[in-house]
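Asks: Copying in the features that TrEMBL gives for the protein in this structure:
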COMPBIAS  1-11  compositional bias 'Polar residues'
DOMAIN    255-470  domain 'Histidine kinase'
DOMAIN    634-756  domain 'Response regulatory'
MOD_RES   Asp686  4-aspartylphosphate
REGION    1-40  region 'Disordered'
TRANSMEM  62-78  transmembrane segment
Amino acid sequence: MSYRANVQQRLSAARGEGTAANRARARESRTEPDTTGIAVPPSLENDAVANARLAARKLGRLWLGGGGLIAVTAILLIGRHDAFYAATLAVATFCTVCAVIRVLERLDDRSEQREFPNESVSEAEDSARLLSTIHDALGDIALTRTMDRRIVQANAIFREMTGCQVPHGLTCEEIGLAFRPGPVPHNFDVEIATPLGQRIFVWHDIITRDPATGRLLLQSIGRDVTDERQKSRAREEARLKAEGTSAAKSRLLATVSHEVRTPLSGILGMSHLLGQTRLTPEQKNYLDGIRQSGNALVQLVEDLLDFSTMEVGRFQLRPRAESLRNLLESVVEMLAHRGHEKGIEIGATFAADLPDLMNFDAARLRQVLFNVIGNAVKFTIKGGVLIAADWQEGDIIISVTDTGPGMTATERARIFGEFEQAGNDHDRSAGTGLGLAISARIMREFGGSLTVSSVKGKGSIFTVRFPAAATHAARRRNTRNTILKDSIVMVLAPEGPARTATAATISTLGGQCYCVDDENAAAVLFDTAAGQGWRFSDIIVDHRMTFQFAEDIAQRPDVVSPSLRKVFLVNPEERNLQPQDVFDAWLIRPLREQSLIDVLRGRMRGMEKRDALNDNQPGVGLSLADAAGAPGLDILLAEDDPVNAMLIKAMLVGAGHHVRSVADFEALLDAVWNGQTRRPDIVLSDLNMPGGEGLDVLTRIRAHERQEGLAPLPIIVLTADYREDVRRSVLMSGANLALPKPVDPDRLLADIGALAPCRDGDLGAQ
């Protein structure tokens with residue numbers, strides 16, 4: 001039996017015993033001697049009362065039966081044609097009989113109440129006392145009050161807590177209780193000054209009716225919640241303090257990261273300028289080290305900025321139509337030389353039905369892929385990394401499979417936490433451990449996920465998945481699976497990701513591919529081809545294989561076509577170390593899909609054009625030498641950092657422009673507004689300098705132009721704080737472009753060239 005049922009049973013038993021005792025006492029008090037001096041026994045009196053009640057009930061049933069007979073007789077007498085009136089008469093008669101019976105019952109009840117005047121009162125008092133006892137045991141306040149809030153009855157807990165031993169007739173406010181509205185109706189928070197100190201009670205009122213008098217009463221229950229409220233308040237204070245501390249750390253992190261950008265811009269810019277001078281091979285190696293370290297620092301700053309932005313909820317995506325294939329190939333190329341330096345392979349494959357253009361934020365996805373693929377390369381010592389891109393049910397799925405050390409279940413559970421790396425201190429590589437945590441958050445912003453499956457000692461598979469819709473033009477049926485339908489290709493290469501990616505790409509494009517890893521296996525394959533009557537159209541040889549094989553191919557005209565193409569696959573770092581007269585075409589690893597198509601379809605011969613070292617993000621503009629789209633521009637440069645000013649000025653002068661420099665906003669406004677000097681063609685300004693606020697200065701320049709009827713002056717703003725809200729504010733204030741620091745020289749010059757026609761007044765929206 002449940003606790004509640006047990007309590008109800010005890011209450012019923014106690015109430016029943018009290019009622020029986022009260023009735024017995026009342027009946028004993030009514031037993032009086034008659035005039036003859038003979039007392040009437042209580043049992044006889046009870047029998048008489050019971051008989052009288054039974055007779056009254058029988059009389060009621062007779063009246064009810066008689067009423068029914070009268071109604072039926074009325075219907076029969078009036079006849080069928082007057083059935084409506086008969087029914088009305090019958091109902092009226094029946095209602096009259098019921099009313100008479102009800103009057104008799106009320107008279108009987110009042111008679112009983114006059115006979116037992118204290119019975120109802122005693123039952124109510126007993127119930128109230130029992131409930132008070134229960135609440136005393138539970139430590140709750142139990143109170144009965146009139147509707148004007150006067151106390152009728154209070155339990156021992158109330159008297160103990162308030163110190164008022166005789167509360168009858170007083171209100172709670174008069175005793176010193178303070179009521180505050182609670183979260184739900186009829187609930188209050190009550191503060192009571194007790195001997196133990198100030199306590200808080202949750203107070204609940206219920207309106208009831210006194211069974212003896214019929215008047216309305218307030219039954220109130222109060223429960224002590226002081227300890228719970230104190231704990232809740234402490235938790236809330238701790239939460240607010242933690243949030244405030246976290247926000248302060250995020251602001252500090254963002255501020256420091258922004259400040260790091262300015263000197264970092266100077267380091268990378270100066271190394272760029274230094275690379276254009278005449279250097280010895282040793283100096284070039286040192287310069288490459290500076291560039292790689294600087295680029296790694298740029299990535300670290302980006303991670304810290306993203307982390308702080310996510311912490312304060314300001315992270316935003318900017319999707320647009322992009323080619324996933326081009327993006328992924330560029331990332332793989334940028335990271336390939338790291339793998340080649342370690343002696344591992346890296347390759348990528350793409351599903352045949354992958355759309356050419358899809359809507360997603362390419363910059364953020366590139367960041368995620370850099371982190372995920374970069375980690376795979378970093379922790380893989382032997383073997384390689386294979387990337388596969390697929391499109392399933394509207395989702396892009398990119399899997400990164402490596403042959404690294406793998407992870408345990410514990411390491412997998414914490415790999416996406418901030419400042420975490422898998423493995424022990426000896427196994428870990430350099431880094432903050434922020435990359436994967438930020439990547440996982442970015443993918444959640446995409447509406448997707450970043451997951452990992454791994455077995456210790458057997459490598460890992462990271463999976464990037466997110467929804468992306470194909471553009472309208474790319475929704476037409478893809479014909480990539482028939483591009484190489486006439487090609488039969490042999491690939492002679494060691495087993496690994498590079499060979500797997502090459503074979504998968506050929507098969508995806510509709511060709512037939514057969515892989516062998518030595519000359520003996522190739523000879524067996526030649527014999528098979530001769531027996532089945534087909535010939536190879538192309539043979540791709542990895543640079544790690546012997547050259548003799550390519551010369552021996554001429555001795556098997558039965559299995560090779562007369563137009564056989566011999567293709568050499570080489571790392572970019574080694575392309576100038578190999579003889580170029582043995583093969584018809586050279587492809588550079590990691591393999592580009594379009595380059596492979598061009599070679600196998602006969603559209604490209606000779607060496608593929610590609611840089612040997614490309615560890616930075618791909619340039620978005622022209623080269624430094626070609627970017628001067630409008631030589632001779634008069635450019636006003638506003639930059640307060642002398643190193644950055646010298647760097648940018650050197651780039652602009654080298655591109656053929658004339659540069660005037662200022663170091664604060666006051667000098668900038670004077671140069672723009674001064675009618676004595678020629679207006680500049682373009683303004684290139686830092687966002688934060690002495691002499692004012694950058695956004696306010698932009699607004700003032702545009703207002704002055706409108707007032708004087710001047711053509712809008714092209715303005716490019718350089719900022720270390722390149723958050724989306726900051727960039728939007730810069731553009732809304734009147735700038736044409738906002739570029740992040742460190743400055744990409746090629747992009748800067750390309751943008752200047754694009755804005756150059758605007759100096760004649762034809763300023764377009766940027």
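Glycine is treated like the rest: Cβ placed from N, Cα and C.
TrEMBL annotations: computationally assigned, not manually curated.
Computed from a predicted structure; not experimentally measured.
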Asks: Measure from the Cβ of the residue listed as '4-aspartylphosphate' and count the other Cβ atoms within 10 Å, all protein chains considered.
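Replies: Cβ-Cβ neighbours of the residue listed as '4-aspartylphosphate' within 10 Å number 24.
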Asks: List the helix, strand and coil residue totals of the domain 'Response regulatory' (634-756) as derived from DSSP.
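Replies: The counts are 58 helix, 24 strand, 41 coil.
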Asks: If I take every residue in the domain 'Histidine kinase' (255-470) and average their pLDDT values, what number comes out?
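Replies: On average, pLDDT over the domain 'Histidine kinase' (255-470) sits at 83.
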